[in-house]
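*Asks:* Pasting the relevant annotations from TrEMBL:
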- C:E194: active site, proton acceptor (ACT_SITE)
- C:H62, C:D164, C:D217: Zn(2+) 1 binding site (BINDING)
- C:D164, C:E195, C:H303: Zn(2+) 2 binding site (BINDING)
Amino acid sequence: MLRSLLKELVEAHGVTGFEHEAAKVVEKYFLPYSDEIKIDKMGSLYAIKKGKADNPKKIMLAAHMDEIGLMVKKIDDKGFIQFTNVGGVDQRTLLTQEVIIHGKKDLFGVIGSKPPHILEASEREKSVKMEDMLIDVGLPKEEVEKYVSIGDSITIRRKLLNLQNDMVAGKALDDRAGVAVMYECLKELSHMKHDCDVYAVATVQEEVGYRGAIPATFEISPDIGIAIDVGFGSTPELPKDETADLGKGPCIGFGANIHPKVYERLVKVAKEYNIPYQQDIYPGATGTDAWGMQVTRGGVSTGLISIPLRYMHTSVETVQISDIKNAGKLLAYFIVSLNGEDLEEMLCY
Amino acid sequence: MLLKRLTDACGMPGGEGEVRQIILEEIKPYVDDIKVDRLGNVIATKNGKPGYPKVMIAAHMDEVGLMVKSIDDGGFIRFEQAGGLDERILVSKPVLVGKNKIQGVIGAKAIHLQEKGERETPLRTKQLYIDIGAKSKEDTEKLVKPGDYIAFDSEYVEFGNNLIKAKALDDRAGCAALIETLKHNYDVTVVAVFTVQEEIGLRGATVAAYKVNPDIALVLEGTLCSDVSNVPEQSYITKLGAGPAISLMDSRTIFPKNLAKRIYDIAVKNGVDIQYRLPSSGGNDAGAIHTTREGIPCTAISVPCRYIHSPSCVMSKDDFEGLKKIVKLFLEDIKEGEYIRD
Amino acid sequence: MINKDLLKRLLETFGPSGNEEAIREVIREEIKGYADEIKVDALGNLIAVKKGNGKKIMVASHMDEIGIMVTNIDDNGFIRFTNIGGVSPYTALYQRVMFADGTMGVVGVEKIDNMKDLTLSKMFIDIGAYSKEEAMKKVNVGDVACFYAPFVQDGDYIMSKALDDRIGCYVAIEALKALKNSPNEVYFVFTVQEEVGLRGAKTAAYGVDPDMGIALDVTLTGDTPKAKTMEVKMGKGTAIKIKDNSVLAHPTVKKLMIETAQENNIPYQLEILEGGGTDSGAIHLTKSGVPSGVISVPCRYVHSPSEMVSVKDVENSIQLLVKVLEK
């Protein structure tokens, strides 16, 4: 199930601001394990699983379902499409990619640019700028305009790739991997007893500054909020102390953005249930939904779990499935560990 | 001495515990209610008379410093910045690592061994490390773990013409002044908020202002002062010894002129030295407070601090005394019904 | 027909961010009688309510403009300054500035060898004073000035300082006057401090707590020689925003605007602004979220003393706003 969810999630299109299709997949998989599904004004999806306590406290989980992508900026006289980015796109990863333009109907296209043969030697030393790239949909302007208009979103065409050792690669694993963690957590919880109400929120617009998480947190007003995002996985060119290894478990974040007691409890639960974990240090901003959640209303006790992921913000992002499973399990046991707990007391300094 | 205790204590953004403990002890006898919120802000209320406004006064507990990132095979500590620092100041400084304040040093290659031109290039945080004298990775790991906070090891010293040198005067000077403020009684209700995480984005003040929802707010700070002889006067921002400084504009706030002027005039009338903090970059908790909910009138009064965000901040005791006086005078000047919002 | 007299007053009135008193009075006078209720909030936002039983809609246009603040006056009476909002040293050089009391000055610069080194810190304002004392009779540290450029209108174009965003204020005022029977409760908010980070819109939206937000602002164009690629052209209609750095227009609001324009044959363009932001950026993140969009007036040379817009675009923007509010 997890793999099929991942496949559907990753292959669904949901550029920041256009998360509708991804939300449908989330709803389909989350529905059997929740009491209620809600979509808020910004488009974030809440899967609510009621707790058993009389006056249940609220735990909010947040993983963002938006992905970075492209947007139609101009259709030129020959029918080529110029585009801009939504979220942090590395222009070097775009050349000759296959794309889908989400207009009135989906159009297939290829990203092209001037061929190297006609370039000056010095030009070849520089990467091609996004503004100099064009999408070729093989149609004349009049045809293109029937289906495409300015502002339509564009995604890279990519199937989920199965690598060795249970690793998978694709686009949008940042942060659909996190969404999959919430799925695993809800599934675990379905055969456990928990006091707190659980709000598993697939947020929108994280990639442009956690704009979905801010109003969602205001709306839910949780006692504890935990963001699930991706972190830098180790690769040969990156320093060891800035990355985490794939397959060695989710990272538990520590720092000013994280309530120390939430961190401690997550670590304790991981140890108690032999769930492998790694540690992530953040002296300041985490750049995740947790950063927005923490300062909502009168303040929220936040936590942060991240899945090690290689090649972030490319269309071949890579994660290990066991890390997702372990993160889901960790969150479920964390939630259950709060049964009978006086949260006011637990969260005091 | 309160200011010495406060500046000796360590409190990086998110790790303000030691400072918070001192403050909680100090203010207890003087306030009606104390709460610590979900981020660690101390919110202390001193009730006034009915019909008078609720005044929130904020000073931040956190200071800039460092955080342990990893321990390398030789037992040396790699670190990151916690809060905005000029990394050029780091080299050749003593530091205190973790809750147990393990002493360490940030070393550098001997000048004799450097290549030509090396001295012209500043050393980056990534190149630096802390040596606690450990023999091995295991040795260090017994005492230090990733995520531990690191503070500058800098003594409180009184020197020169009534000056003080210490670390973290930004903003323990404000905290000290706020504690002293609570020792007097007022008609207005004073909500003293000792905030967390100012140095990484005014985060404590954001949630505290939301919760307190005051009629008016005051921020007590340590602020930039560059009145040294090789800086042109137009870039001084504040002058040391010329009294506390009232803000006009910084990169987070345009301060309401009438409020700034009122405080300025009260100071002049009472013979307390006062100056304006010239518009410049930087920002303080006011940036978060004044845009909270439907908007909260907010002003900031600061003690000028030379060499701010370094182990050796320098301030004038006279300016500090002036800050305490002016805050008290202003609170006493507020009349029944003033500033109250419906 | 364009109300030239009102435009002139809106555009030439002093009002850098945080110093909106004068422009607020001009607007308050103008809208008196058209709104059911007018109030000013803690930050200085002017809020005019047109009562109705339907949804609460907040229409925001910012009344502040970019400007400068005095930081120092030297012995010879020259004035150093810092920027309020996005002031480019290149456009500021040798421009005239005007202080609140009408004192005029010109922006000069120290000797520099390379224009690339031009920064505001090397520049100063000369008000024609010969000494510090003389200068301080008129100008003090902390005083604020705006750029000075008289309003010009000829044929279809309007040229002035502060079209960003007094033209938005103009659109709002004319829409308020034209709005006869809206089923909705409309809050026309003339915001403060947009140019320094959408600060007024943030608190106003919290107070109003609307169901929908519409900001009115200017946007850039891509129609000048060798401009950066952008589909918006001056004179080709009002612009309906898709995206900028502060907001992705909410799909329902965007759709409402496009459909309304189509139904009423109002010329419109779709706008993608790569950089910059506007009040909707703050409004849409208020409380539990406010679906928000933006109606923009295409404007050339934004943040210069000679910003330029088309009269037709302004009229189309008013028409679109009125039709949207009446829906």
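From the backbone N, Cα and C atoms, a Cβ is placed for every residue, glycine too.
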*Asks:* From the recorded positions C:E194, C:E195, C:H303, pick the residue whose C-alpha lies nearest to the C-alpha of C:D164 (Zn(2+) 1 binding site).
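*Replies:* Given the candidates C:E194, C:E195, C:H303, the nearest one is C:H303.
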*Asks:* Which of the three DSSP-derived classes (helix, strand, coil) applies to C:E195 (Zn(2+) 2 binding site)?
*Replies:* coil
*Asks:* Could you tell me which of these recorded positions, C:E194, C:E195, C:D217, has the fewest other Cβ atoms within 10 Å of its Cβ?
*Replies:* C:E195
*Asks:* Could you tell me which three-state DSSP class C:H303 (Zn(2+) 2 binding site) falls into?
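*Replies:* Where C:H303 (Zn(2+) 2 binding site) sits, the three-state DSSP reduction gives coil.
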*Asks:* Going by DSSP, is C:H62 (Zn(2+) 1 binding site) sitting in a helix, a strand, or coil?
*Replies:* strand
*Asks:* Round to a whole number and give the Cα-to-Cα distance in Å for the pair C:E195 (Zn(2+) 2 binding site) and C:D217 (Zn(2+) 1 binding site).
*Replies:* 11
*Asks:* Under 8 Å Cβ-Cβ from C:H303 (Zn(2+) 2 binding site), six or more apart in the same chain: what's there?
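*Replies:* Same-chain residues close to C:H303 (Zn(2+) 2 binding site) (Cβ under 8 Å, separated by 6 or more) are C:I66, C:G85, C:G86, C:V87, C:S88, C:T91, C:D164.
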*Asks:* Whole-number Å distance between the CA of C:D217 (Zn(2+) 1 binding site) and the CA of C:E194 (active site, proton acceptor)?
*Replies:* 10
*Asks:* Would you mind reading off the Cα separation of C:H62 (Zn(2+) 1 binding site) from C:E194 (active site, proton acceptor), to the nearest angstrom?
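*Replies:* Cα to Cα, C:H62 (Zn(2+) 1 binding site) and C:E194 (active site, proton acceptor) are separated by 6 Å.
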*Asks:* State the count of C-beta atoms found within 10 angstroms of the C-beta of C:H62 (Zn(2+) 1 binding site), not counting that atom itself.
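*Replies:* Counting Cβ neighbours of C:H62 (Zn(2+) 1 binding site) within 10 Å gives 30.
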*Asks:* Where does C:D164 (Zn(2+) 1 binding site) sit in DSSP terms: helix, strand, or coil?
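*Replies:* C:D164 (Zn(2+) 1 binding site) sits in a helix per DSSP.
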*Asks:* Around the recorded Zn(2+) 2 site, report the further residues of that chain (criterion: Cβ within 8 Å of the mean position of the Cβ atoms of C:D164, C:E195, C:H303; site residues excluded), sequence-ordered.
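*Replies:* Along the chain, the qualifying residues are C:E65, C:I66, C:G85, C:G86, C:A162, C:D165, C:V302.
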*Asks:* Setting C:H62, C:D164, C:D217 aside, what same-chain residues sit with their Cβ within 8 Å of the center of the Cβ atoms that define the Zn(2+) 1 site, listed in sequence order?
*Replies:* C:S61, C:D165, C:G168, C:E194, C:E195, C:L216, C:V218, C:T278, C:D279
